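Residues annotated as Fe cation binding site in TrEMBL: His151, His215, His286, His491.
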Amino acid sequence: GQLPTWLQGILLRNGPGMHTIGDSKYNHWFDGLALLHSFTFKNGEVYYRSKYLRSDTYNCNIEANRIVVSEFGTMAYPDPCKNIFAKAFSYLSHTIPEFTDNCLINIMKAGDDFFATSETNFIRKINPQTLETLEKVDYNKYVAVNVATSHPHYDSAGNVLNMGTSIVDKGKTKYVLFKIPSSVPEQEKKKSCFKHLEVVCSIPSRSLLHPSYYHSFGITENYIIFIEQPFRLDIVKMATAYIRHVSWASCLAFNKDDKTWFHFIDKKTKKEVSTKFYTDAMVFFHHINAYEEDGHIIFDIIAYTDNSLYDMFYLKNLGKDFEENSKLTSIPTCKRFVVPLQHDKDAEVGSNLVTLPSTATAVKEKDGNIYCQPEILCEGIELPRINYDYNGKKYKYVFATKVQWSPVPTKIAKFNTQTKEMLHWGQDHCWPSEPIFVPNPDAKEEDDGVVLTCVVKTDPKEAPFLLVLDAKTFTELGRATVDVDMHLDLHGMFIPEQDLKTETE
């Protein structure tokens with residue numbers, strides 16, 4: 001095929017790549033050592049490159065020829081990088097262990113630099129052109145968080161907004177929203193943008209010892225949306241996990257009888273909206289988009305009725321009959337919540353406060369809380385992406401992987417949130433990755449651009465390829481076949497040519 005002449009830049013992707021070191025194996029697919037790979041588009045040609053992230057975790061493990069640094073689903077014993085007594089003691093005194101810097105989930109841009117990220121307090125700077133691993137950044141030096149999401153947001157000025165959980169202050173567990181500026185003052189050119197990181201606001205956890213797990217958050221023009229779900233970390237269990245010989249993953253629990261609370265933070269005042277909005281128990285990882293309309297906040301997420309998704313990816317479940325044997329007990333559902341921020345305070349108890357045309361409801365209760373029920377947009381999509389120019393604005397299109405009852409995607413989809421139409425691309429024995437939308441620089445419409453996805457074949461003898469689709473019609477424009485073992489990855493980003501520093505800089 002042929003690639004559009006305007007497509008110039010690098011598609012950079014991240015995901016777990018090595019699951020066996022010496023005689024030791026990770027328990028969980030999400031624990032594997034990070035492998036970066038990239039597709040560079042230059043004048044109609046595509047160049048492929050891949051490299052393991054040379055994290056401290058990677059170096060320690062390779063040197064010892066076994067797993068010596070614990071990951072979320074795999075506890076390592078004893079850790080020769082540290083004296084075991086000191087380690088056990090620090091577990092009890094801090095409750096939060098020394099986390100890994102195996103940043104395997106996503107790529108983030110901060111200032112002019114790019115970082116591999118996961119959900120711990122460490123991120124690793126990388127060179128997007130050579131995939132070389134550069135310095136380690138510890139969020140904790142700049143803001144008191146022990147974990148942070150790997151799905152930050154970017155505002156129009158290029159500042160990064162992200163969230164983390166602070167478990168440091170005894171009995172003061174909170175969720176912290178922070179901002180990393182896109183540039184530093186001229187006189188401080190040598191300093192990193194992290195030195196100017198600022199805390200936007202913090203939200204106390206509803207339960208001091210059981211903070212909510214979250215993988216992403218939402219943003220509109222004026223608000224930040226944080227969903228506190230009843231899928232929680234047990235801090236006391238985490239503090240003793242090492243001694244009890246269990247993984248940290250076993251310290252996560254979902255309470256299906258509990259509520260899911262919505263928090264809305266006003267960007268200008270940095271204060272939370274005082275009305276309490278909630279919905280039924282659910283587990284979710286990915287926000288799609290959110291926007292404001294006539295005094296309402298509308299946000300779209302992909303939710304589950306239980307937490308079976310994480311368990312599917314234990315390596316013992318990923319055997320040769322994986323496709324047949326792994327069945328999700330809860331199918332991912334794309335839900336749209338419509339939240340009436342500005343509603344009549346004197347409305348009757350039991351009345352629906354949503355005034356927009358939608359099947360979503362928000363019902364006022366006796367205690368003044370508002371119970372929200374979503375509109376179901378569609379089912380069976382995951383790893384959603386949008387045209388990021390429409391982030392926080394009214395939008396139409398979601399690009400996502402299509403999953404049936406198995407968690408491994410077989411197709412990619414384009415879903416129109418307004419007409420509910422869905423277009424697909426799929427081929428037998430193909431596993432596509434998260435689709436990334438790249439807008440045409442002269443685009444007039446939301447879906448004017450291309451969709452990029454890396455496709456792995458189920459038969460290891462067949463070569464994987466990068467697929468380029470026309471985002472409007474979902475027809476194939478071209479594919480670049482790669483003669484290597486390509487790994488299934490998680491997330492990534494497209495870096496346009498103009499955002500790449502030249503080697504001399």
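Please read every residue number as a count from 1 along the shown chain.
Here the Cβ of each residue, glycine as well, is placed from N, Cα and C on the backbone.
What TrEMBL annotates, mapped onto the structure for a quick look.
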| residue | record | CB count, 10 Å |
| --- | --- | --- |
| His151 | Fe cation binding site | 20 |
| His215 | Fe cation binding site | 16 |
| His286 | Fe cation binding site | 21 |
| His491 | Fe cation binding site | 22 |
Other than His151, His215, His286, His491 themselves, what residues in this chain have Cβ atoms within 8 Å of the centroid of the Fe cation site's Cβ atoms?
Ile105, Asn106, Thr149, Ser150, Ser216, Phe285, His287
